[in-house]
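Engineer: Features from Swiss-Prot:
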{"type": "BINDING", "residues": "490, 491, 492, 493, 494, 495, 496, 497, 498, 513", "note": "ATP binding site"}
{"type": "COMPBIAS", "residues": "18-52", "note": "compositional bias 'Low complexity'"}
{"type": "COMPBIAS", "residues": "53-66", "note": "compositional bias 'Basic and acidic residues'"}
{"type": "COMPBIAS", "residues": "74-84", "note": "compositional bias 'Basic and acidic residues'"}
{"type": "COMPBIAS", "residues": "87-99", "note": "compositional bias 'Polar residues'"}
{"type": "COMPBIAS", "residues": "100-128", "note": "compositional bias 'Low complexity'"}
{"type": "DOMAIN", "residues": "157-243", "note": "domain 'Doublecortin 1'"}
{"type": "DOMAIN", "residues": "314-397", "note": "domain 'Doublecortin 2'"}
{"type": "DOMAIN", "residues": "484-742", "note": "domain 'Protein kinase'"}
């Protein structure tokens, strides 16, 4: 290891050492001089050990040393000077190679023999004392330089980080240095982990801003003692009065071994929501490492355990105080914007926009004052919002007919439980792509084998199998042809076919997707986007990409194989699923969507055909995986391209007003509805698109009897929140996982559905 801060004996230090040597050459050495010699000897030993360690390190690595000899010259020189100094103090040796030999006798001034010299004793004594002080000063100076050479790293900056747009969050303070964080990605990872432990965030930290909204692009721009704002999922900077006066809830300073701590969970095991990453945790959060909270703060534990036990996603209706008829607004409350009572007031303030400013008072429809967080998540779902103005309890809490009609229209979808279905039962839409039902796969494979007339070898068998697909065996990439054996066709679409293949060594089945580029003219960017997105994904409920090979005519993707087929075929066979089976599937789908959305990726084509299922021996679904990322893309701004499958398309896509991640939630709501009753909520005669699109845009649907008579209110509430026409109040993918029905806590409830 190269010593960058080499030791240098300056001229004043050397002169003081020489003076101490001449003073110590008198016959009468003082006790102070002896002590100085002792200190100098100890210092010499320290420097010798340092030089030895340096030489050993240099034998292993000389990468950054242009001149090893020159790099050692200064420490060696200092070492020689200290050796000479030590010899002088003990009465022998010479001081300094470059300064010539200086013996102890020649450095003293004594009177001739027999001559009386008054005061000579005092002179020698004072010189000895001065020399001792000089030696002590010199050794202290050198010790300081030795210490500095051993600690070349600079002190880490202590920096506070806030959550973007959260004016109540007190922030976290962590040390930041180039030694601790080699890149922004490692800093983002730690900030994401720390924020998830204290507040609900919509995804991973992706951007850091200073307090005026300037984007930080390099670690060197972070200044010691300053504050910065963390943004998730490419959010724009929100200029609010951040809580700079409050102390953090807990000391969240990272320990030096935080990167390798056994208490730190991997990202896949640290869901912001219990089901985010496909694992159902208990309702009460279990602190990492045992009893106390992960950051050791009792206050932190009590605050967030209250939030987790009280807060669940729901949409509330707000009546803005003002001239009648008053404005009525809807607001989605969840664990991300409602961790405390003050946070809810802030969220209400931002949507109602009172003339008097900040919302100070909230009342229920019956006039009861809302004083605590749990009041927003009880039986009441309509609230009056006031500022500092006076409340007239007699007139203000009386709804006009126009206001009552508006509230009833909002509740309409929750009042259709007793509606009888008129006419025949609606049907499922036609499958949007060709696929072979599971029962026909075996027959198809047998027919192909018989038609091949018992091929002489495996190569001929594979050639016969590919013949109908238009793909020649010789065209297959060597990496696929040499490592996998081809099996039956398990599906095809407009641009691709899918074959079942097996690993020649392990026998593990996979799926081979062959995309015909000639059929994708002008749409090649979709193929590139699919591969690019899938390479980023690693999740238990998302199909894994194992290998991709790009050729001039075809793109070959080796994918994870799921034996149960797709969900569309499963629905066709059983017609409808129980609530418990539907809960399993929506958990897995919500987990996959939450993972995608945390990375800023929207799927854009969620439908039963793109959901693959694993079945147990009794035909029950035990696992669901999301597949086919041909339309997936990263969202950095509103999207306007009209795409997807008609039955599952969200209204904002049809209206072409711009859309984002929540179109996936709409599609998942349609699927959940289908799972429970066997048909979609929006239908049109003969699957005509225009009437279907009109129905989707209207947002009006029902839960008709007898198909919904045995289905509970909890899942109806979840569907109603997933199928909100306004994307601002529609559930997020995390809200799906946080909903009490999804978590199996239907005793919590969410209001009265009989109104």
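Cβ atoms are placed via backbone N, Cα and C, with glycine included.
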Engineer: How many other Cβ atoms are found within 10 Å of the Cβ atom of residue 490 (ATP binding site), counting all protein chains shown?
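Structural biologist: The Cβ of residue 490 (ATP binding site) has 23 Cβ neighbours within 10 Å.
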Engineer: Near residue 492 (ATP binding site), how many other Cβ atoms are within 10 Å of its Cβ?
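Structural biologist: Cβ-Cβ neighbours of residue 492 (ATP binding site) within 10 Å number 17.
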Engineer: What same-chain residues, at least 6 away in sequence, bring their CB to under 8 Å of the CB of residue 496 (ATP binding site)?
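Structural biologist: Expected: 513, 514, 515, 516.
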Engineer: Starting from the Cβ of residue 498 (ATP binding site), draw a 10 Å sphere and report how many other Cβ atoms land inside it.
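Structural biologist: A 10 Å sphere around the Cβ of residue 498 (ATP binding site) contains 21 other Cβ atoms.
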Engineer: Give me the count of other Cβ atoms within 10 A of the Cβ belonging to residue 494 (ATP binding site).
Structural biologist: 10
Engineer: Taking the residues 490, 491, 492, 493, 494, 495, 496, 497, 498, 513 listed for ATP, what is the greatest CA to CA distance in Å, to the nearest whole number?
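Structural biologist: Site span for ATP, by Cα atoms: 15 Å.
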